[in-house]
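Asker: Supplied in structure tokens, the structure appears directly below.
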Amino acid sequence: MLLSAKRKIIGIAVITAVSVLGDAMLLVVLPLYWPEFGLAAVWQVGLLLSINRFIRLPINPLIGLFYKHVQLRTGVFIAVGLAVLTTMSYGVFNQFWILFFLRALWGISWSLLRLGGFLTVIEETDEQNRGQYVGLYNGLWGIGGLFGMLVGGILVDQTSIFFVTTLFAGMGLLTLPFVWLLVPVKKGGGQPKALKETASLAWFFPYQRMVLLTGMAVGLIVFGIFASTLSQLIARSYAGGWIALELSIGAATLAGIIQAVRWSWDPFVAPMVGKVIDGSNLKHHLLLIPAFSGAVLLILLAHTSSIVSLIILLLMFQLTSTAFVTTADTLAARAAVQSDQLKMMTAYTVVIDIGAALGPLMAFFLLQRSSITILYDLAGCSLLLLGVAWIIFNRRNSNP
């Protein structure tokens, strides 16, 4: 069965969306309900939210080799099976070391899903539509984050952790037969013939290094620090008491709603951002907009005590992070086409995972010794420095 480029990308994105339900739910619920998971200290929360990313550091290069020799469909099937197993187990086991192992197992699953998706997008796009399809891919799989955080946060507040994990695992199980229908058979190790010899010898150019630095910032700030501490940031300013449809709205529910807002607009906003990038001759210059605006918003979040002002700023940062992630991923895909696809995208996923792994660990380490205000001030300064680094690069390299 022949599939168009768009359908291949949509297929990978939908399968990924269902697979991330359990992980997305855990980001919102674990920081608030950690005693119910059998944890004894808050540092264990940071470790559980980080180990799935740390395990991907040595695993990602192996996943790259795996996709060079094995069909994409096979890798995704294995990944979905692992996602179902780990999601169900979150609600069954309440011992730290078992959860530690399950989170590591989920890290392997995500490596298979993420790298497979990136390679599919690169293989099926060109300079005229790459940004749009990167945005489409990110937006569609992000729907899983929407349901995981929103529905997970609400249902855990109203029912139990076991009920939610069982529900999400069941949904994942139902997608397994569709893997064979939606995911392409093609292996992921393709590369333009003209680049094979030169790229194998030299691919780590200044432009590629800047893209990898940007990927590190995406992982550290967006997927690491912000995602893992949003509940606590809200809890600092929110005393509770809001009721909707006769349901009490806790900090976990509110955090889930705010995170879900981004995932809900991503399928529309991210492709629009991608189109803007596709139409620009200076694609890397556009990164300065989300970098500097994100830095300002993070610093404002650090010093806001009003819950209404906090929610407005959070929504603004979510919009900025959509543009930031889409731009960074598009630049990575462009850098991969200019060098070695497999090496570049493997390196890009590795640096994102390094940042995403260090994010929760650094965040909860600082929270035990300082405050969330200092944490967000430091995150804002990091984005500011990234923007300055790109300005310096742009002045030194007019045609990367």
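Cβ atoms are placed via backbone N, Cα and C, with glycine included.
According to TrEMBL, the feature domain 'Major facilitator superfamily (MFS) profile' maps to 8-397. According to TrEMBL, the feature transmembrane segment maps to 9-31, 76-98, 104-122, 134-155, 161-183, 210-235, 241-265, 345-367, 373-393.
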Asker: Mind checking which residues reach the transmembrane segment (210-235)? Cβ under 8 Å, same chain, six or more beyond either end.
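Answerer: Beyond its ends, the transmembrane segment (210-235) has Cβ neighbours at 27-28, 31-32, 46, 49, 53, 251-252, 254-255, 258-259, 284, 287, 291, 294, 298, 301, 307, 310, 314, 317, 321, 324-325, 328, 331-332, 335, 347-348, 351-360, 362-364, 367, 372, 375-376, 379, 382-383, 386, 389-390, 393.
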Asker: Decide whether the stretches the transmembrane segment (9-31) and the transmembrane segment (161-183) have at least 3 CB pairs under 8 angstroms, with pairs required to be 6 or more apart in sequence.
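Answerer: By the criterion, they touch.
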Asker: Any chance the transmembrane segment (345-367) and the transmembrane segment (373-393) are in contact, meaning at least three CB pairs closer than 8 A with a sequence separation of 6+?
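Answerer: By the criterion, they touch.
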Asker: Give the nonlocal contacts of the transmembrane segment (373-393) in its own chain as ranges (CB under 8 Å, at least six residues past its ends).
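Answerer: Same-chain contacts beyond the flanks: 206-207, 210, 213-214, 217, 220-221, 225-226, 229, 233, 284-285, 287-288, 291-292, 294-299, 301-303, 363, 366-367, 400.
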Asker: Would you kindly list the residues that approach the transmembrane segment (134-155) from elsewhere in its chain, counting only those six or more residues past its ends and only Cβ-Cβ distances under 8 Å?
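Answerer: Sequence-distant neighbours of the transmembrane segment (134-155): 6, 9-10, 12-14, 16-29, 117, 120-121, 125, 163-164, 167-168, 247, 252-257, 259-260, 262-264, 266-275, 325-326, 329-330, 333.
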Asker: Same chain only, please: residues at least 6 beyond the ends of the transmembrane segment (76-98) with a C-beta under 8 Å from a C-beta of the stretch. Say none if there are none.
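Answerer: Distant Cβ neighbours of the transmembrane segment (76-98) are 12, 15, 18-23, 26, 36-40, 44, 48, 105-106, 108-110, 112-113, 116, 160-166, 168-169, 172-173, 175-176, 179-180, 183.
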